[in-house]
Amino acid sequence: MGCAVVGGGPAGMMLGLLLARAGVQVAVLEKHGDFLRDFRGDTVHASTIRLIDELGLGAGFRDLPQSRLNNVAVPVPGAGLVTLAAFDSLKPPYNYVAMMPQWDFLDFLASAAAAEPTFTLLMESEATGLEFDGGRVTGVRYRATGNGAADAEQVLHADVVVAADGRHSVLRQAAGIRAREYPVPFDAWWFKLPRRASEKGEVAGVVPSLGDRDALIALNRTDYYQMGYLAPKGSDARIRENGVEQFRRRVAALRPDLADRVDSIHTLADLHWLDVRLNRLPRWYIDGFLCIGDAAHAMSPAGGVGINLAIQDAVAAAERLAPDLRQGHVRTTTLAAIQRRRRMPTVVVQTVQRIMHRVVFVPLFAGTLSGKTLTGAAAGNGLSIQRILFFFLRHNPVVKRVLPRVVAIGPRPEHAPGFARPLTLRPPTKLGAMTSPTDTAVDTAAARARLLELIKELAVVRGKVILSSGAEADYYIDLRRITLHHEASKLVGQVMLALADDAGIDFECAGGLTMGADPVGTAVMHAAVDAGRTVDAFVVRKAQKSYGMGRQVEGPAVEGRKVLVLEDTSTTGGSALTAVEGVRKAGGNVVAVAVIVDRDTGAKEKIEAETGVPYLFAFGKDELGLD
Ligand SMILES: O=P(O)(O)OC[C@H]1O[C@H](OP(=O)(O)OP(=O)(O)O)[C@H](O)[C@@H]1O
Ligand SMILES: O=C(O)c1cc(=O)[nH]c(=O)[nH]1
């Protein structure tokens, strides 16, 4: 076996799927017989949705029953419902958090992985320990608990064992790795309250209400409210001693609007206690063994970002493990590289959570924080750190932009490794283009999102610069760094092809003025061929060649054929116009001009007026943050 993953949660299943797509033998061991468990994190964050699109699974994912969380709001006395994180301010389509039962999400990942021949899912297989050879882990010991075979311990040998078995990881203990604990002031108790049909249309959101020494959050789900009661650590025994009636009264006091249904909490056995922990391992690995997700760093539920972080760990791990696993030996330096990659986002998120604990939860449980404190409505309430923070959360434009991003996307989001992405886009048919974008659109959305990120990261250069036209500008987009880039080139082809298809442009040749347009033309040609179409590329020289064939337009003849003129970017539109003129002289029928980035400097108007064909662009300067 290449890789044995222990724990069929979001991180374990994602890692299994990605490694299987790399063609590596991988087994995921899950101790339960199904994924059905209440009150696991039921969020799928924006960066995970983007990842799913990149894996070509977006259409199936969107078919799953789910609701969208568009914001996080707090009701504050005197200020109404205050939105703290408006996800819908993020760029679509990744501008929400999907809420769905985690078992649906895990079933979905499991069925995608089952399509890969190198993937095995071992349900009812409980890991009990590690197998060592010298100091190196060489496998995992486990017990199959199904079919009454509970006591037969077996060994699964693997090049690497990955523990994705959560906060109480059995395997990390077996590896002798100990976590560093940070104090957490509270625990959480999850339960459900019914949601009436008449309430279905209400804002989907997370609605917290603060008490004097406790708090209640409500997650609006399709036909119920998922309630989280928060109280000081160590309160579980007291809550249970006080009995169900007192607990119902407390819930009713915190959410009077839900008081009419607290009877649905039949007994305190309906409360699911979460012993909240915040910790992380100083070292996530030993030879042959790696921890990811909560096994490497238990997260507080504050912000609800633990699942996303765990999935991102899985992606980073898959990307780095796959090459080693293909060679049959996982180097310890590779495991160290995975920890290096994921440590920063972990530390950032945990630090934010620890600040939230200190600033919100400690005073809350000391009885010095309530909704009134935040707005200053409480008598004798001066400027407090909470009021200042609350003011910033509501009014500071940078905080208002950054907060939804931190929650929905997270620091250092990961992208699907090339080996896990679908090989080609589906060939669009004329009928398909007219009816629904289905799979093609979903894949294109992922390609477009990734390309945009690469352009921002690699091509945008700020500072004074002289342009081709002689004009001076404050920024330059060096798209050659994109069109000649190992990952971006392919995306350029896919995105530009989809751009023309979406505009209903039918073409047989693609190219433009050398040299910016050259790699764009070949990328489009390859994307078209991948999609089962025949498109040739061409190059328009800046001047006609004075010897040889004496041509200005090089490549298979464009004469009598439908031509898409391409550019990487345009400012005055002069280069694209030269290309159109060259193609027309060579007898080509120009059907459109398309550029990757438009600088919004009048090129569109000029080109459309002078050539009479549409001018398309994949990205505007506003999308690059250059507005
Ligand atoms: O719309 P325009 O004002 O024509 O400006 C845009 C052109 O400028 C750049 O090329 P450049 O002229 O620098 O030449 P190169 O492709 O040979 O590098 C770019 O690749 C476009 O072709
Ligand atoms: O106008 C240009 O010369 C120009 C602008 C730009 O952003 N990028 C580029 O390659 N050329």
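The backbone N, Cα and C atoms fix where each Cβ goes, and this holds for glycine too.
Taken from TrEMBL as is:
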type	residues	note
BINDING	ARG541, LYS542, LYS545, GLU567, ASP568, THR569, SER570, THR571, THR572, GLY573, GLY574, SER575	5-phospho-alpha-D-ribose 1-diphosphate binding site
BINDING	THR571, ARG599	orotate binding site
DOMAIN	4-348	domain 'FAD-binding'
DOMAIN	554-608	domain 'Phosphoribosyltransferase'
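If you take every residue in the domain 'Phosphoribosyltransferase' (554-608) and average the pLDDT, you get 96. Taking only the Cα positions, the spacing between LYS545 (5-phospho-alpha-D-ribose 1-diphosphate binding site) and THR571 (orotate binding site) is 26 angstrom. Spatially, by CA atoms, the binding-site residues ARG541, SER570, THR572 include one closest to ARG599 (orotate binding site), and that is SER570.
Close to ARG541 (5-phospho-alpha-D-ribose 1-diphosphate binding site) in the fold, though at least 6 residues off in sequence, lie THR514, ARG551, GLN552, VAL553, GLU554, GLY582, each with a CB less than 8 Å from its CB.
Under 6 Å, Cβ to nearest atom of ligand 2: this is the test, and of the binding-site residues ARG541, SER570, THR571, GLY574 it is passed by THR571.
Take the CB of GLY574 (5-phospho-alpha-D-ribose 1-diphosphate binding site) and look out to 10 A: across all protein chains shown you find 15 other CB atoms. Taken in sequence order, the binding-site residues ARG541, LYS545, SER570, THR572 that lie near ligand 1, meaning a CB under 6 Å from one of its atoms, are SER570, THR572. Most other Cβ atoms within 10 A: among the binding-site residues LYS545, ARG599, that distinction falls to ARG599. Under a cutoff of 8 A between CB atoms, and with a sequence separation of 6+ in the same chain, the neighbours of ASP568 (5-phospho-alpha-D-ribose 1-diphosphate binding site) are LEU479, ARG480, ILE482, THR483, GLY516, ALA517, VAL520, VAL595, ILE596, VAL597. Largest Cα-to-Cα span within the 5-phospho-alpha-D-ribose 1-diphosphate-binding set ARG541, LYS542, LYS545, GLU567, ASP568, THR569, SER570, THR571, THR572, GLY573, GLY574, SER575: 26 Å.
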